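Taking it in order: structure first as structure tokens, then the write-up.
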Amino acid sequence: MEKLRQKGKRVFFVTNNSTQSRQSFLKKFEKLGIEAHLNEIASSAFATAAYLKHIVKFPSDKKVYIIGMAGIREELTAEGIRTCGAEEDSGLFDNDPIVPDPEVGAVVIGLDTQVNYKKFNKAFFYLRNNPGCHFIVTNEDTTFPTHGTLQPGAGSIAATIITALNRRPDVVLGKPAQNMLQTIFAEYKLDPSKTCMIGDRLDTDIDFGLKGGIETLCVLTGVTTEEEILAPTNPIKPTYYIQGVADFAI
């Protein structure tokens with residue numbers, strides 16, 4: 001990253017990870033010795049909060065029910081949006097009837113490593129019984145890499161409610177959706193012809209850049225392999241690919 005900055009490049013960190021807030025990511029970067037600033041970080045949780053505040057103009061007398069973790073709650077709270085669910089429902093495993101909260105006006109689903117049937121049931125209840133309830137998914141990554149393997153992602157969790165309702169979300173905020181890219185371009189007046197999206201996943205990172213009309217670079221240190229990129233059946237072709245970002249130092 002420092003090599004790019006020395007060459008006069010602006011660096012932005014764009015992540016579908018909704019489990020942490022931008023402040024949490026900033027602290028993580030600091031511990032790793034990576035220079036970063038809050039306005040350089042765009043996450044699906046932050047995009048969700050911005051969407052509810054600026055696009056939906058979510059009313060102050062309503063709450064958002066969350067299937068997700070602290071990152072979503074913290075970003076919504078930072079925008080003055082009230083929440084329920086999330087961690088407070090992580091210990092619920094009974095199948096008792098739901099006592100509805102009449103103030104819930106939206107359901108947001110992201111990655112939740114403590115998801116349970118009660119959370120699914122509540123989200124389904126609010127969306128099924130309130131036609132005006134907004135249905136928002138932070139991102140649809142079916143899996144995510146961790147501990148040397150893959151685990152089910154936010155998209156796999158959201159698929160449960162999508163299937164039960166037999167309807168798509170009103171909006172998906174994370175990559176490859178264009179919300180975050182459009183926000184960055186508008187805010188910082190970037191030139192698309194001089195912008196490159198770097199990532200390790202074809203169906204989110206690279207597709208995000210391609211749909212935004214910018215060059216793309218796939219690194220082989222994460223989800224995607226060289227064989228997948230070169231496969232004739234692969235419709236998502238990055239402009240470039242390299243082993244890892246460390247190659248920039250060469």
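Using N, Cα and C of the backbone, Cβ positions are placed for all residues, glycine too.
Annotated substrate binding site per TrEMBL: Lys175, in sequence order. Residues annotated as Mg(2+) binding site in TrEMBL: Asp200.
Residue pair Lys175 (substrate binding site) / the residue listed as 'Mg(2+) binding site' shows a Cα separation of 12 Å. Residues near the residue listed as 'Mg(2+) binding site' in space but far in sequence (CB under 8 A, at least 6 apart, same chain), listed by position: Cys218, Val219, Leu220, Thr221, Gly222, Val223, Thr224.
Secondary structure at Lys175 (substrate binding site), taken from DSSP and collapsed to helix, strand or coil, is coil.
Residue density at Lys175 (substrate binding site): 30 other Cβ atoms are found within 10 A of its Cβ, drawing on all protein chains shown.
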